[in-house]
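Trainee: According to TrEMBL, the protein carries these features:
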- 299: active site, 4-aspartylphosphate intermediate (ACT_SITE)
- 299, 301, 644, 648: Mg(2+) binding site (BINDING)
- 2-37: domain 'P-type ATPase N-terminal' (DOMAIN)
- 670-923: domain 'P-type ATPase C-terminal' (DOMAIN)
- 12-29: transmembrane segment (TRANSMEM)
- 35-54: transmembrane segment (TRANSMEM)
- 183-206: transmembrane segment (TRANSMEM)
- 226-251: transmembrane segment (TRANSMEM)
- 701-722: transmembrane segment (TRANSMEM)
- 734-754: transmembrane segment (TRANSMEM)
- 784-803: transmembrane segment (TRANSMEM)
- 823-841: transmembrane segment (TRANSMEM)
- 853-877: transmembrane segment (TRANSMEM)
- 897-918: transmembrane segment (TRANSMEM)
C-alpha cells in the first residue's frame, strides 16, 4: 500500500490535490471545508489502488500458470550453476556414476555478464579438461523435468546471476494522448495561477479603495495587513478554483480504458474456435492508441503464414518432383508401416525411384533422416512423434520417414534409422550446428560399414560456395512459388583427417579465448568440396484473410513493413500472395545488408518512406527491433509490431503497441505483448473497430471533461468580481464535492464506454474513417483551446443571465426572491442542465445505459438537493446543512424556470447552429458516413503472381546440435544478434506511386 500510494502521488494531479488538502486545513486560507477535496482524493486513490491490486493479482496468476519455475537456491540466495550428475542425464557432464561423490577440480569461466546465450568455461578434473558451455548451465529460473535429483556446482549467485544482470526496469508504455494531457495539465496550472493572480490584484485594489469601509464590522485579524491579506487571498483562490484541474480525470480515464479492454476480450468476432483462443487485452493503458497506428511491422512466418509446414516439392540430381500436385492422386504409402498417415504427396515417380534403389534418391532421404536435431517421442506404443526445433525440420524428417528412411531414435553418440525396412545405427561424431551467420548445419556420422560422411543442408548461397568445382550446381528453384527452400550436400571423409580434426575441435571447444571463432574456422575447413544432392521445398500457407486484411489496412493509410529472416525471393513472392506487392510494381528497390554500414540508417529511412511497400529480408531479431526504433524515433508516428515467436519479442517490446499471435512457436510473443489473438486477420478489427472507437471515445471524454470543468470553475471566477474578491464560493460546499464524483461522473462514462459514430460493419467497410486518428484530429492543442473558449462562453451565460434576471426580482408578496443560497442553487441547476445537454449532443449512439445514466444523474441532483435543503436534514445536522428551504423556495418561482430555460437556450443553440453550418459547409468523413446509406462489402477475389526466383528458409535461431550431443532436451536458446545500422535521419513520407530501381549487392568482404 505505501508503494502504491507513492506511485500514485508521482502523478502531478494527485500531488497537487494533496497539496490543496493541506491548504484547506489552514483556517486563514480556506473558505471551503476540507471534505470537498479530501473526499474526492480518497475515492480516486482507493479506486486506483484496487485496480492496481487486481492487475497485480491477475499478472501474478498468469506468470505462475504459464511459467512454472524451479530456482536453484543456496544459503537463501538464488544462483546459476552447472549440472554435474543426475538420475536422468539431461544437460550435465555426467562425470560420476553414483549419487555420493566428492571431487577436487578447478573451474575457470568468464566473469558475470548478461549474455544468456553464451557461457565460456572449462572444468579441470583428474588432469582432463572438459568444456563448459551454455548447454550445461542451469540458469536462475530454469525448470528441470523428468529428474528426481541432480548435483550441481554454483557459478554465480545473487546479483551476479545472468537473469539479474539482464533485469531492469520494465518499459512503461504511455500513449500520445497521455503525454499531451500531461502538457495540458501543466498549461492549466499556468491558467489557474494567472486567474489567481488577477483576483489577488483585484483584492488588493478593492481592499485599498473599499476595504477600509468594512473594517468597522469586519475587522482584520491582528497582524494581518493588506499585503499579507492579498497573499493569503491568492492561496484561497487556488483552493476555490482548483476544480479547473479535475481530480477524477485520471481515474475516469482508467475506467474507460478498462471498459474498452473488456470489449476486446469479449469480442466473439475475434475468437478463434479451432484453438479455443479469444482475443486478449493484456494491458489496460493503451486502448486509444490502437486508433492512431501509422506503421505496422509484421513477422512473416507464423504471423502472415500458418507456420504449418508441408513437404511440397524437391529436386534430386537435377530432376524436379511433384510439379503438378493436383493432377494425380495421393501417393499410397501403405507399403511403409512406419509412414505418417497425415503426410500427403502426389508425385508417384519419386516413390518409384526410392523403391527401385536409386542411389542418389536414397542418399537424399538418408541425409534428411540424419541431418537434424529432432527428438523422437512415443506418446502411445507404436505411435512415433517428432519434437522439432522448427516446423521446417519436422516436415523434412517426416518426408524422409514416409519415403522409407525413418528416424527412429537417438542418443548423444548414435542415430538409429530404419532404411527401407532395415534398422541401421549410425555413430554420431559431431554436429556442426546452425546459426544465423552460418545459415547451414552439418552432421558427421560413421555408418556400420565404417564409412565417414558429412551431411549438410542450408541456404543455397552458402552451399554453392562450398561445393567441389566439378559439381553440377544446376538445381530447381522454388522460391518463385513462395516456398521455403534448402540445398542438400554431402562429403566423404578420411579417417586420419577425421581423427586430427576431432582433436583440434576438442581444443577449440575448451578454449577460453576466441572459442566461437576457432570453431567457425574448423567448420569452414571441413565444410568444403562437398557434392550437391538436391533441394527441398516446404510450403507455409498464408493464414485465412491475410490479403484482405492487408488491403483494408492499406486503405486506412497504415504502412505495413514485413520483417523476415527469409531470402528476398521467398519474402517477395509472399508479398505478392498477400497483396502487398502488385503486378504494376515492375521492379523492387534492393539495398544489401552486406554493404558497409556507414550512414545507411539515413538512406534506409528516406528510401523506405518513399515506397508503398517495404519488406526487410534476412534480418535478425535485434535488427527487427532496430528498424522499429528507427521509425518510432524519427518519424514521430505510432507503431505496432506483430509476431508469433521468440525472435519477435524484441520488436514487440520496442513498438508503441505489441501484438502477439498464439501460433506454433510457443507463448513468448504473447507473454511480451500488449494484445494477443490467434489470427492475423483479427488485426483489422482490433484497429479499425476497437482502436478507432477507443480513440474517439477518449477524445470525447477529455474534451467534454475539460469543457464542463472550465464552465464550472469560471462561474466562480466571474462571481469574484461581485463579492469583493473575498474568495467566497458561489456554490454550496456539497455541490462542489459531488459535481465531478456524482452528478457528472456516470453520464460521461456511459458516453465514453458505449458511443459509436458508426457501427463496426461501416468501420470495416470504410477504412478511411481511421485516418483522423493518425492525424490526431479529434484531440489536440487547438481542440483544447476551443473547449476552453466554449467553457468560458457558457460560464458567462450561466452566471450573468441568472444574475441579471434575479438581481432585482421580487416574489408576489413583494419580498426579494434572491439570496445567496437560492442564487447558488439556480446557478447549479443551470450548470447541470447545460452540461448534460451538451453531453447529449456529443453522443452519437444511445443505449439504455446512456439514457439511465443521464436521467438518473439529473433526477438524482434534484432529489439530493431537495433532501439536503430540507428541514429534516437541518434538524439532524444543523451545522452541516443550514440552508434549509432554499431549493423548495427557489423552484416555486416561475421566473426561475424561465431563467433556466433562457440560459439553456443561449448555451445550446449556438452549438447546434455551429455544428449544422459546419456539417453543411465542411463535413468530415465521419459526418459523410453517418448520413450515407452503406451496403455490405462484397468479397474480392485476389490474383496471385508466380515468379521464378529462388529462395531459402531455415529456422531463425541457433540450432540444437550441442544440446543433442550433450544429452540436453530441446530448450529454445536466445538468438545471436548483430547490429544493422549506426546512424539515423528522418524524412517526410510521400504517398505517391512508386518508381523502382535495382541496386546490385556489393560483394561481402572476406
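Using N, Cα and C of the backbone, Cβ positions are placed for all residues, glycine too.
TrEMBL labels come from automatic prediction, so no person has curated them.
Could you tell me the structural context for the features on the list?
Mentor: The Cβ of residue 299 (active site, 4-aspartylphosphate intermediate) has 562, 563, 564, 624, 642, 643, 644, 645, 647, 648 as same-chain neighbours under 8 Å, each 6 or more residues away in sequence.
Counting residues 6+ beyond its ends, the transmembrane segment (226-251) has Cβ neighbours under 8 Å at 11, 13-14, 16-17, 20, 23-24, 28-32, 37, 40-41, 43-44, 47-48, 181, 185, 188-189, 191-192, 195-197, 199-201, 203-204, 207-208, 211, 220, 705-706, 709-710, 712-713, 716-717, 720, 725-727, 729, 736, 739-741, 745 in the same chain.
Residues of the same chain lying 6 or more positions beyond the ends of the transmembrane segment (823-841) and with a Cβ under 8 Å from any Cβ of it are 704, 707-708, 711-712, 715, 730-732, 735, 743-744, 747-748, 751, 794, 798-799, 801-803, 806, 854, 857-858, 861, 865, 869, 886-887, 890, 896, 899-900, 903-904, 907-908, 911-912, 915.
Sequence-distant contacts of the transmembrane segment (853-877) (same chain, six or more residues past either end, CB-CB distance under 8 Å): 734-735, 738, 742-747, 749-750, 821, 825, 828-829, 832-833, 836, 839-840, 883-888.
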Trainee: Any chance you could find the range in 183-206, 701-722, 734-754, 897-918 with the most Cβ pairs under 8 Å to the transmembrane segment (784-803)?
Mentor: 701-722
Trainee: Other than its close neighbours in sequence, what residues sit by the transmembrane segment (183-206), given a CB gap under 8 Å and a spacing of at least six beyond its ends?
Mentor: 12-13, 16, 226-227, 229-231, 233-234, 237-238, 241-242, 244-245, 706, 717, 720-721, 724-727, 781, 784, 788
Trainee: Just how many other Cβ atoms lie inside 10 Å of the Cβ on residue 301 (Mg(2+) binding site)?
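Mentor: There are 31 of them.
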